[in-house]
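Here is what Swiss-Prot says about this protein:
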BINDING   HIS54, HIS56, HIS113, ASP132  Zn(2+) 1 binding site
BINDING   ASP58, HIS59, ASP132, HIS170  Zn(2+) 2 binding site
Amino acid sequence: MRVLQLPALRDNYIYLLHNPDTATAAVVDPAVAEPVLEKLAELGAELVAIFNTHHHHDHVGGNRQLLERYPRARVYGSQVDRGRIPGQTVELKAGETVEFAGRLAKVLFVPGHTRGHIAYYFSESGDLFCGDTLFAGGCGRLFEGTPEQMVGSLDQLRQLPEATRVWCAHEYTLNNLRFALTVDGDNPDLQARYQQVAALRQTGSPTVPSTIGEERRTNPFLRWDQPALQAATGLQDPVRVFARLRGMKDQF
C-alpha cells in the first residue's frame with residue numbers, strides 16, 4: 001500500500017492509498033474531488049473506498065463528485081455521523097476494522113474536535129490517519145466535544161507505537177510549534193523540530209507525516225503530564241492542563 005499525499009484548498013492534505021497490484025485506490029478525507037480524480041487517472045486506478053474521519057466539509061466536500069465517477073465505491077464514516085457524511089454507506093464503531101490492499105485498519109473513536117470523529121490505524125504498516133484530532137505539533141479545536149473527551153482521544157493516540165506515522169489533515173505545523181515554544185520553550189527536541197520545520201516550509205515542503213514518538217516529545221497537547229506544561233498553565237490535573245493549553249492556543 002502506497003500513501004500519496006495530495007495538497008488541496010489552502011492547507012488540507014488528502015491521502016490516496018494505492019494498491020498497484022490490483023490497480024485500486026482508497027481516499028482519506030477528500031476535501032475536493034479534482035486532485036483525486038487527476039491522480040487516479042494518472043495511476044490508472046479505480047477508487048473503491050472513501051474513508052472519512054468526520055463530517056466537516058473540508059473533509060467530505062469531494063465525496064459526491066467522486067461517487068459520480070466511481071459509484072461502486074464504499075463510503076466509510078462514524079455511525080455518530082449518520083446523515084452528516086455525503087454518500088455514507090458504512091457506519092463504523094470503535095474497534096471495528098476496514099480493509100484495503102489486504103491490510104486491516106482499526107477504527108479508533110477519537111471524539112473532541114467533533115462528537116463522531118474517528119481515526120484509521122493500519123498497524124501492519126504503521127500508518128495513522130487521524131483527521132483533525134491530532135496535528136503535527138498540535139490538535140484540533142473543540143467544536144462539538146469536551147476537554148475530557150479530547151484528552152481521552154489524544155491519550156489513546158499517544159499510546160500507539162512511537163514509529164507510527166501520523167498523517168494529519170492540515171499543514172499547520174509551523175504555527176503549532178510557534179505556540180508550543182511559548183509554553184515549552186526549554187524543550188531541546190521542540191527547539192530542534194521548529195528549526196527543521198521552518199526550513200521545510202521555506203521551500204514549500206510538507207511537514208507531514210510526523211511520528212507518534214516525535215509528537216510525544218514535542219507536542220504540548222500530548223504532554224499534559226509533563227512538569228513544564230503544568231508550570232506553564234499553573235495546573236496539574238490532565239484535563240484542566242489540556243483545557244488551559246487549548247484556550248491559550250485558541251487566542252494565539
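Glycine residues also receive a Cβ, built from the backbone N, Cα and C atoms like all the rest.
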Rounded inter-Cα distance in Å - ASP58 (Zn(2+) 2 binding site), ASP132 (Zn(2+) 1 binding site): 11
Alpha-carbon distance [ASP132 (Zn(2+) 1 binding site); HIS59 (Zn(2+) 2 binding site)] in Å: 9
Pairwise Cα distance for ASP132 (Zn(2+) 1 binding site)/HIS170 (Zn(2+) 2 binding site) [Å, integer]: 8
Rounded to the nearest Å - Cα separation of HIS56 (Zn(2+) 1 binding site) and HIS170 (Zn(2+) 2 binding site): 13
8 Å Cβ shell about HIS54, HIS56, HIS113, ASP132 centroid, Zn(2+) 1 site members excluded: THR53, HIS55, HIS59, THR114, HIS117, GLY131, THR133, GLY140, PHE143, ALA169
Where ASP58 (Zn(2+) 2 binding site) falls in three-state DSSP terms: helix
Rounded inter-Cα distance in Å - HIS54 (Zn(2+) 1 binding site), HIS170 (Zn(2+) 2 binding site): 14
Neighbour-count leader, CB within 10 A, binding-site residues: HIS54, HIS59: HIS54
